[in-house]
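Shown next, in structure tokens, is the structure this report addresses.
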Amino acid sequence: MSQFTHINASGEANMVDVSAKAETVREARAEAFVHMAPETLQLIVSGQHHKGDVFATARIAGIQAAKKTWDLIPLCHPLLLSKVEVQLEAIEAENKVRIESVCKLAGKTGVEMEALTAASVAALTIYDMCKAVQKDMVIGPVRLLEKTGGKSGHFKVEA
């Protein structure tokens, strides 16, 4: 197993020095799910939710969150993202919403945390907008699906 890159020889957490790393194109995809009652999902899908367009709000929240990842997670670097995409899909047969995020840049460090943050915050936004209707929604799983670029190469979750 690899060593933790954020821990120094004394066991202290530090931000990784990426100054000597080569810039490469890096991309990451993540997903999150929000499980809910059929009635709650129907309110979202039909556009009848009293707070407005849940998917549009969650999409914007996810994009905003990706851009703020460095501000939320202490050891993440501030990144100049070139792409953030958040897609939401109602899976009515399973009473859930699937969120997929994609983040991309040309840089010295990966965008996995940005993709995970985008998907997570989009899921939290759905919960926030729907909690008046249903409080027992479940968020999860949240996971990295794929990452490309950088020294560690290509990672993809097996289907």
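Using the three backbone atoms N, Cα and C, a Cβ is placed for every residue, glycine included.
Pulled from Swiss-Prot, these are the features on record:
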- L75, C76, H77, M113, E114: substrate binding site (BINDING)
- D128: active site (ACT_SITE)
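Location within the structure of each feature annotated in Swiss-Prot.
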residue : record                 : Cβ contacts under 8 Å, 6 or more apart
L75     : substrate binding site : H6, A13, N14, M15, V16
C76     : substrate binding site : T69, W70, M113, E114
H77     : substrate binding site : M15, V16, V18, W70, T109
D128    : active site            : none
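Annotated substrate site L75, C76, H77, M113, E114; additional same-chain residues within 8 Å of its Cβ mean position, judged by their own Cβ, are T69, W70, I73, L79, T109.
Compared over the binding-site residues M113, E114, the count of CB atoms lying within 10 A of a residue's CB peaks at E114. DSSP gives D128 (active site) a helix state. Here substrate is bound by L75, C76, H77, M113, E114 per the record. The longest Cα to Cα distance in that group is 12 Å.
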